[in-house]
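So the structure is just underneath, and the comments pick up after that.
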């Protein structure tokens, strides 16, 4: 009987996403719970607090919304024939990685958060599977964002050379490299014995804390694609600024000319009599300029959200093994789930700036009705 009580007392109950001060300490007689008379009952676990229930509910909603929204994007791309081309294959690759994050990674992470003391109680084999899929899917999602940014950059700055055929080859190559690099980073600890994910003594399951692996994996999974997307957006900004300035200089009034203007909703006709050339000028943005402007805004928001979601987590992952220091458990959980939330924001961003997706969603639901 004493052995049973000690076993129960060793488990404890820890609040998910909470600090040690928020946990309920067990007594030597077992896990206790309050009673109306002030007495305690051995073996009875205290109920979760309202804050804990609220946090768990929000995380469950995040998992479900991430899975369903990315699945909707995949179904739309598969059913609409016009989407069976670039750049939608890059969007589909991103949606696949984000669906896997929601289906295989986030639920097990929530189970680990809910366990007593954030212990891993599902065994060594499942720990390795979970960590491998975690690194694989999150790395693939991050590199897919970089691939989308590169594709948009080449479309805006090299739209004459970057033909549809070239885009197909480039996108297929980027997708293959993305998943190959993600698989190499995820499986390196298992293939080369580069640290251990499961600590049987402490019942902990986490990415290998080997300093050399921490540096290489964080650089390959985040800092390198971060440099790519920041460079790409800087080039897009410079190209857009140059084009806008050139366009403003082009529409300045021409001296010593006789202009005959025909008012139109979005354009104006300008005829010059000095030369036998008839010029057509747009008073508003052309169709290509509007498309490029939407693409630039989409890339900027996509990169901004990506940086905000993943930077805290990867800073902690890089600094922790190098200086043998680590943030508190509550901050580690916040950084981790903030990174996971990027898989929820990705489809929202790249579909919100594409009217074709909105029309496809409407037609898809109208047909189902």
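Using the three backbone atoms N, Cα and C, a Cβ is placed for every residue, glycine included.
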Margin query: Need the matching range: TrEMBL marks transmembrane segment on one of 17-38, 171-192, and I'd like to know which.
Written below: 171-192
Next item on the list: Compute the average pLDDT of the predicted model within the domain 'G-protein coupled receptors family 1 profile' (69-350).
Entry: 82
